[in-house]
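> Provided herewith is a single structure, encoded as structure tokens, for subsequent inquiry.
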Amino acid sequence: MSSARDSAASERAGGAPLLKVEGLRKSFFGVEVLKGVSFTLEAGKALGVIGENGSGKSTTMNIINGLLPPSAGTMAIDGRPYAPANSKEAARAGIAFIHQELNLFENLSIAENLALQAFPRRISWLPQIDKARMRARAADLLRRVDLDLSPDMLVNRLAPGERQLVEIAKALSGDARIIVFDEPTTSLTSREAERLFALVAQLKARGLGVIYISHILEDVLRLCDDVVTLRDGTMVDNRPAASVTTGHLIESMLGRPIAELFPPRSAAAPRQEVALDVRGLTQPGIVHDLTFRVMRGEIVGIAGLMGSGRSETARILFGLDPALSGTVAVNGTVIAQRSPRACMAAGMAFLTEDRRGDGLLLPEGVLTNVELARLADLRTNAAAPLPQAMLDRDASEAARSVRIKAHDLVRQPVLSLSGGNQQKVVLAKWLLREPAVFILDEPTRGIDVGAKAEIYGLVRQLAERGTGVLVISSEVEELLGVCDRVLTMAHGEIVAEFTWPELDRAAILRAAMQRQEGAA
Amino acid sequence: MWRFLRRLLTSEYLVLLLTALYVLCLWPFAPEIVSAQTALEVIMAMLPLLLLAIGQTFVLIVAGIDLSITSTMAFSSVVAAALMTGDGGYLAGNALAVPVALIAFLLIGLAVGCANGLCVVRLGMPSFMVTLVAQTFLSGAAIWFTSLHSTSVSIGDLPAAFSVIGRGGIAGIPYALLLCLVVAFAAHWLLGRTTLGRWLYAVGNNPRAATVSGVPTGRVIIIAFVLSGFCAALASIVYTSRLETGTPVLGQRVLLDVIGAAVIGGVSLFGGRGKISWVILGVLFLSVVDKGLQLLGLSQSIVFAVKGGVILLAAIIDALRSRILVRVAA
Amino acid sequence: MQTSSTRASLAVLRSAPALLFVAVVVLFAILAPRFLEVQNFANILTQSANVAIVAVGMTFVLLLAGVDLSVGAAMYVCAAVAGLYFKDLPAPAAMALMTAIGALFGAINALFIVGLGIAAFIVTLATLFVGRGLALHLSQTKMVFAGDPVLAFGQGGFLGISYAVWTMAIVLLLALWVQQWTPYGRYLYAIGADREGARKAGIPVRRVVFATYVLCGTLAGLGGFVSFSQVAAASSGFGLQKEFPVIAAAVLGGTSLFGGRGGVLGSVFGAILIQTVQNGLVLLNANPYLYPLVISAIIFIAVLLDSQRTRILARLTRRQIRIEPGVEARRSTAT
């Protein structure tokens, strides 16, 4: 094995880059999501990959990791063709992934997690784990990532930052030569993040190649040598980090002037009636003393990193998760026992972050999905007959108004619709109820730019009709484009508030990256 | 060829086709399978099974399973029989004996269903475990209860007014058939035309999405189990009155038939899919298979084994069907 | 604050089976003086051996978040074949034969579960019926008697300890080794905790699952042999509903029905606990009709404890976003 690495090294000296990706294409169900992506990664360098959600980043990475086969295109490591059939082959070729969702087994120890790919044995014919060797190797790897923990500790007792470092240690254990980081800092404290950056520099110095994916463009520019920008499955930019600014990167990510993507703001000032009034909402360990208002006709955004409590806030507001104290009022009436039903009765609507998991009945048709939330309003006995004709008429009307593209509203399962159309189905479901307050969590995740513009337009129309809208998003540009006001969350608190036209990307991000005092 | 197979597998009438094929195959060996007498016997055998399968369908639609139905039958059978038996029953000879006993049947069914549902929803226990425990507990309770009231293994001497339910009829149509038709229509209507029906499918399809959309998910699941218990009680009335005895081993062997019939009919074990018309076809298929094996003169134990195989077959078809549906949709 | 109270309730739930055991022993010791005799404890161990052995296999299946309802049927098939066609085999050969038939039975389950992707409980429910029907057919629903060598095994012992208990001890030790010291054992936990993650991590999930159902069948065969040697004859009720005490033993011992948690040591303990209860009921001359009621009540408690524990654990592992002042660091209160 070491001789193979030697020959690889000599070949590298011959000039072939560590990783070369050329013309990658990928289609799902006839829809092309990746339209020719090419880049190279040299040893000892870091490559930043940026792009909005749905731009093709994760598809590209899944192809490199062997989880998806490309429809076309080639990859090469050290000049030799590389076509992994699964993640195991990718690992064998020297590629290690640090995912946003960590892949650690909580019921196993650190040492076991590190050794899982190939447990060491003392006697080759006896499948007995050599625990002493496993422990020693784990201790060594933990030292390399500067983590002072016992290898025997169960993973479920580690803090998120510690888990991330264990994951990196795992990548190092497999003699990886290319390490891919996917949004690595979202759950880290600032001290942990600094430690991670130092580690990345170390890895580069040792001659490893690093691919770094992140939404925090400042970090990307600081760590990487080159930056690749993806948009709608196409690589739109690939240049040295030294030659660009965050402003450039944003422009190439969005790909068009902001004015085209987002609807014009209404001339009229937001009305003075309060649509949503939240006071002192607190749940230990999750959110702390959230107090804010949304006026009728106003669009308020919540910005924050993953793990800042933005989605948790939405779930608590809608009664899906409990809160220890605090009140939520819609149109001046406090909702007593918050549950989805009570919140809906008060006039709330909630488009969830996880469209497929929380939003849709995938095997059912469009109309059945659109009608579902309406059923709770029918003030009749659950066993009484449905006013089917009326329901269908209203639902088709709603489906038409959001322009859902489906060839059969009754029989075609929503499973087979595109992401944008699926999201419109969820929108139609809630629009049918004419909500007083509409909470949208990541309304445009995984949706192409065209559908995004349509959804922004719908949201603006809704606000103009007097609904108070709360938009939660990880895309700061989106919030800048649609919101009248932006609240920034960090560690479960609202830490800053910005009002249009004083919405400033850098200031929002800075606020979002605040660390909790004493947290580190 | 593949496309034809695919259409066949996803067809609603696959089961009917299989039934016809089975009868044709058996015809040369057991000619009496094609006769009015056999048809009548099959229908009569179908009825209580259909009641059970309809109840089971509600639970399967919400992605649960109810393994307690046979024991619910047995337990309600012996308790109701102990109430009305002429041989030392609590209400022996009383004019109200039969109505009270009927209420007892239904109350037991409803109570068991409710208890199952509450354990699943409020305590978060897996439904197959809850109902498996209920099965042993109730069958043990039924045997114990019988031992208190009778020296034999069952409680006989039931009033004639009760046995007439299973044997009598109006204008040549058996009461049991009427009951079954009413239940089937009601269930069909409930699933297809009411809010509750929509909610049942929604909960089975995606409980999280249902909750977010304002469906009272927990209550809907409890109702599904209650309906299953209620149907088990109705089936128990039919069986008990036919046998004219309350017995703790009532319907011990029909559990697999019931689940099998529902799954063969096309009700998904993963929830969210099923129709009463499919269930009727599934029950018909299993009853015909049963009759055919009897006519061939096979032993009970072989019939037992064959049925296990049929369930497995149904589960395989179910799995294939789900896969094909996903692929077609994609 | 909230965290420490949920942790406290978790600790109570975790020790509940042990408390239950102590309560049961004290109760029977007061009510039936004979209960505390050494010979009685030896009896309890000997009688719990068959359930304990099968429960070891069941534990591995449960660790994967699967289930095997067909173990009782597998026991009956093994006993019927051995008793009908191989009556004169020496005990070790009979043991090997029944174990092999059990393995075959498990392999059939595994084929449907892994190969065709059908839910384990429905596959094993079906094979339960197929197996029982087959065995009933082979035996013509008559009693099947064990051969003399097998009987001798059931009555004999070594160093004053019955062969059944020896078998149980050896199975337990081997299983503990497999569970703690082999890659396969650790894979069980990884797959049970996160099946998709295990697949991504390159664990041969399908092979592990297949092997586990085969192992469960194998141990059902071995448990069937031990039981057969003790009761000397297999009636049509042999192994009937044996899946209950077996699953109950595992769950009582702390193995979760939801996968990834527990272990074989606890399962053997659970089997002994259940046998202790039955033994006590016999000594008290309780109505035998009440046994199934008591046993199902115990199973209910076990499943209830497990589901509550799973809920609390899920609450604990929910990601904490902020560190509340005044709450101790998690690690110091963690157990």
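Start at 1 and count along the chain as shown; that gives each residue its number.
Glycine residues also receive a Cβ, built from the backbone N, Cα and C atoms like all the rest.
Under the heading transmembrane segment, TrEMBL lists B:12-30, B:42-65, B:72-92, B:98-121, B:128-148, B:168-191, B:220-239, B:251-271, B:278-296, B:302-320.
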> Other than its close neighbours in sequence, what residues sit by the transmembrane segment (B:220-239), given a CB gap under 8 Å and a spacing of at least six beyond its ends?
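For the transmembrane segment (B:220-239), the nonlocal Cβ contacts are 47-49, 51-52, 54-56, 58-59, 61-62, 64, 66, 68-70, 72-74, 76-77, 80, 102, 105-106, 108-114, 116-118, 120-121, 127, 165-166, 176, 179, 183, 196, 199-200, 203, 210, 250-251.
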> Sort out the residues at least 6 away from either end of the transmembrane segment (B:98-121), same chain, that have Cβ-Cβ distances under 8 Å to it, and list them.
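Long-range Cβ neighbours of the transmembrane segment (B:98-121): 64, 66, 68, 72, 75-77, 79-81, 83-84, 91, 127, 130-131, 134, 138, 159, 161-162, 218, 221-234, 236-237, 240.
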> May I ask whether the transmembrane segment (B:251-271) has at least three C-beta pairs under 8 Å with the transmembrane segment (B:302-320), counting pairs 6 or more apart in sequence?
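The answer is yes, given that the two segments have at least 3 Cβ pairs within the 8 Å cut-off.
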> The transmembrane segment (B:278-296): which same-chain residues, six or more beyond its ends, come within Cβ distance under 8 Å?
12-13, 15-16, 18-19, 22-23, 26, 29-30, 32-33, 38, 41-42, 45-46, 49-50, 53-54, 57, 184, 257, 260-267, 302-303, 306-307, 310, 314
> Count the Cβ pairs between the transmembrane segment (B:128-148) and the transmembrane segment (B:168-191) that lie under 8 angstroms and are 6 or more residues apart in sequence, then report whether there are at least 3.
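Per Cβ check, the transmembrane segment (B:128-148) does not touch the transmembrane segment (B:168-191).
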> Quickly jot the same-chain residues contacting the transmembrane segment (B:72-92) by Cβ under 8 Å, restricted to those at least six beyond its ends, or write none.
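Distant Cβ neighbours of the transmembrane segment (B:72-92) are 52, 98, 100-102, 104-105, 108-109, 112-113, 134, 138-139, 141-142, 145-146, 149-150, 154-159, 162, 229, 232-233, 235-237, 239-240, 245-252.
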> May I ask for the residues of the chain that lie six or more residues beyond the transmembrane segment (B:12-30) and have a Cβ under 8 Å from a Cβ within it?
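Counting only partners 6 or more residues beyond its ends, the transmembrane segment (B:12-30) has Cβ contacts under 8 Å with 264-266, 277-278, 281-282, 284-285, 288-289, 292, 295-296, 317.
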> Excluding the flanking five residues on each side, which residues at least 6 beyond the ends of the transmembrane segment (B:251-271) place their CB within less than 8 Å of a CB in that stretch?
12, 15, 48-49, 52-53, 56-57, 60-65, 67, 69-70, 73-74, 135, 139, 203-205, 235-236, 239, 278-283, 285-286, 290, 304, 307-308, 310-311, 313-315, 317-318, 321-322
> With a Cβ cut-off under 8 Å, give me the same-chain residues at least six positions beyond the ends of the transmembrane segment (B:42-65) that come close to it.
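That would be 73, 120, 127-128, 131, 174, 176-177, 179-180, 183-184, 187, 191, 200-201, 203-204, 207, 220-221, 223-225, 227-232, 234-235, 238-239, 251, 254, 257-259, 261-263, 265, 267-274, 276, 279-280, 282-284, 286-288, 290-291.
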